[in-house]
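S.K.: Got a structure here, written out as C-alpha cells. Questions coming.
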Amino acid sequence: MKFVSVFLVLFIFFLVVLEAPEKIEAKDDKFICVVEYGGDVGPTFCNPKFFPTLCRQNCRSFKGAKGGKCVKQPKHKHIKCFCDYCKDD
C-alpha cells in the first residue's frame, strides 16, 4: 500500500510539472511597442512649434497608439514618425 501511495504521489507530481506553462517572454512578436507610422513624413509632420505634433496626434487618432515620436536620421536627413503603443511620452 505504501509503494502505491508513493507511486501515485510521484505520478501526480510529474503530471503537474509537465502541464506547467512555459516562461512568458517579455518581447513577444505579436505585440511591439514602437511601430513606424509610414515612410518619410517630412518636416511639417514633426514641427516642434506645434504641440502636440501631427505625428503624435495622428498616431493617437488614426493608429490607436498612446503617443508618437519623431526621429531624425542625420545621414539621410529623413524624418520618421514612430507610434508608441506602450507609453505616452
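Including glycine, each Cβ sits where the backbone N, Cα and C put it.
Taken from Swiss-Prot, the feature disulfide bond covers CYS33-CYS86, CYS46-CYS70, CYS55-CYS81, CYS59-CYS83, and the record attributes it to similarity to another entry. Look at Swiss-Prot and you will find 1-26 tagged as signal peptide.
Distances, neighbours, how buried they are, the whole picture for these features please.
M.R.: Cβ-based neighbour count (10 Å, all protein chains) for CYS33 (disulfide bond) stands at 13.
Sequence-distant neighbours of CYS70 (disulfide bond): residues of the same chain at least 6 apart with a C-beta under 8 Å from its C-beta are VAL41, PHE45, CYS46, THR53, CYS55, ILE79, LYS80, CYS81, PHE82. CYS70 (disulfide bond) falls within a strand when secondary structure is assigned with DSSP.
If you draw a 10 Å sphere around the CB of CYS55 (disulfide bond), it holds 23 other CB atoms from the protein chains shown.
For CYS59 (disulfide bond), the same-chain residues 6+ apart in sequence whose C-beta sits under 8 angstroms from its C-beta are TYR37, ALA65, GLY67, GLY68, CYS81, CYS83, ASP84.
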S.K.: Under a three-state reading of DSSP, tell me whether CYS83 (disulfide bond) is helix, strand or coil.
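M.R.: Its secondary structure by DSSP: strand.
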